[in-house]
Amino acid sequence: MAAKRNAVTTEAPESSAPGEGTALALDSRLSKSVESVFPKKRHESLKWFGWGYNDSQFYGKDGIICFRGERYPLGGCELPSFTKWVEKKFDLVVDPTKPFPQMPRTYPRPVENEPFLHELKGTTQVDHSLEGIDRLVRCHGQTLNDIYSLWHHKFRRIPDLVVWPRCHDEVVQLVRLAHRHDVMLVPFGGGTSVSGAITCPQNESRMICALDTSQMNRLLWLNRENLTVCLESGIVGQDLERVLRKEGLTVGHEPDSYEFSTLGGWVATRASGMKKNVYGNIEDLVVRLRMVTPSGTLERECSAPRVSCGPDFNHLILGSEGTLGVITEVVLKVRPLPKVRRYGSLAFPNFEQGVLFMREVARRRCQPASVRLMDNEQFMFGQALKPEKSFWSSVVDGLKQRYVTSWKGIDLNHICAATLLFEGDQKDVERQEALIYEIADKFQGFPAGGQNGERGYILTFVIAYIRDFGLHQGIVAESFETSVPWDRCSLLCRSVKQRVVSECHKRSITYYTISCRVTQTYDSGACIYFYFGFRCTDVSNPVELFEAIEHSARDEILSCGGSLSHHHGVGKIRSHWYRNAVTETGSSLYSAAKRHLDPKNIFALGNLLPLEEVPPKAEVEPPSSSSSSSPPKAKL
């Protein structure tokens, strides 16, 4: 059932070490297969209509919200507090009788390019499928619009064909064929995009081919001396870490989508992980990249830790969002597994004090692996998600609340919390803990327990399941993020929430929630995550309404000095602002790179710049196909 295309760790032979004129991949005979967590037919394991595993889901039972599945701490739990929170916040009673969407019986008729299909079948060994369900589950990412469109069968265009290349050379063959026959390619990894980046352009008239990288998930080599590893781009985050942990190593990149997203997707969107304070963001972890374009393979020959030889074209690939080519192989830094992993949490009397604490921690560069600050709305939401407790546990919680309110004098309507994760050697963790708690005390913060910290950290992986359950019950909700300088952090949080409240009132939306958290800290600023949702049971076009309000919120973010995105990327839903964000000169530079690397615009996803602004197709001869194993290179 599961695809077997990963590989166990293998040392790179000295004679063919990377950086000595060789390609990133070594002889494939060095790789040994391990079992992937997902089958090739991804809908057998993952939901076709939403986020996550088929066996994990929020649902209603006897008027109580419950969680099905054993993969998460909430598995098998009834959540009466969460049920009450939903009823109070949205004036909505859970309806357990509402059916979930049914898989469609018919699918949009495929556009067929006969010369392309003939050559694909006759000259390659690439596996492919024309089945409707294979095409449907690869036509979208995970935006609210994507999921709503799935549920209501609104997609006019889905991929006409799905292909599963198994290695770099097969990607070279596919890109050449697509270029020759003018077939559009959609690189598809984990399908977790929340920017519309992999959603099929609905007006594309050419044949659309989804290039699924899931069978390119081998670990090609590991160099222990240099602490570097070469992996194929289709490897999923949890597979990557599982294989490395067996060797006592970790990459440490852990985005919220870690269970399902792929290495290639991390690179394509300039992803950030929850533990970036120790391990870095994806751009800090990448040593070398390999990307196949219609004009040749873009890669750098040298694996030195830093080079000064003109612009670093790794950064052309990073954040390219599938518009320039297919990322096939990545060399990353790895680190020894930490000996100690410890959770913690802090409570602050209000959000402003918490932000000052975060700023001081960043100023002193003493961040633990993860430190995330929740505002009061999000804190109360997290408390509501706790399963029902025994009598004595409830008594203990009552005493704790009395301690906070009576003895500490904190108003529960303003209290906020920070979750902490420490990783490293025992002495380093103890020293770091002491320093963090000392700094927190200066801003009226106090320890709130390791169990709360662990719950807060792990619950991150359940949030997206709540989005789908909300949609099922008549609530539209989604997150959006930004980064902002420290001197505008609190202002931006207040202004964006006020703007959302104003927009809701303007549209007569009575029941809604808007909250935020500070998730990443840097020397000069922070990443801010917003969560917004409203009851839509009496709204005819809920997603359009949500997007209009989010659009206003993004305008407010930009006017407060925030970025277009911190780690979700631009995709289609933020392309409206891209040209202003990078200036006319910057967008022209991107267009020039696009024209050079993809002259026929076969990677016509419409990300970054809207489709109408993408350079027109050019009649350019495809690269020579004399040798699939020796593609032309655009060396860095």
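Quick reminder: no glycine exception, Cβ is built from N, Cα and C everywhere.
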Query: So which range, 1-22, 89-110, 243-264, gets flagged region 'Disordered' in TrEMBL?
result: 1-22
Cα distance (Å, whole number) from TYR529 (active site, proton donor/acceptor) to SER261 (FAD binding site): 19
- request: Could you check which of the recorded positions (ARG372, ARG467, TYR529) sits closest to ALA271 (FAD binding site), going Cα to Cα?
  value: TYR529
Field: Cβ neighbour count within 10 Å of TYR529 (active site, proton donor/acceptor)
entry: 21
Task: Please name which of the recorded positions listed here, THR323, ILE327, TYR529, is nearest in space to ARG372 (site 'Important for enzyme activity'), Cα against Cα.
output: TYR529
Query: TYR529 (active site, proton donor/acceptor) to THR323 (FAD binding site): how many Å between their Cα atoms?
result: 26
Field: Integer Å distance between the CA atoms belonging to ARG467 (substrate binding site) and THR323 (FAD binding site)
entry: 28
- line: If you count the other CB atoms within 10 A of the CB of ARG372 (site 'Important for enzyme activity'), including all protein chains displayed, you should get 24
- prompt: What number of additional C-beta atoms lies within 10 angstroms of the C-beta atom of SER257 (FAD binding site)?
  reply: 25
- prompt: Between 0 and 100, where does the mean pLDDT of the domain 'FAD-binding PCMH-type' (155-337) sit?
  reply: 96
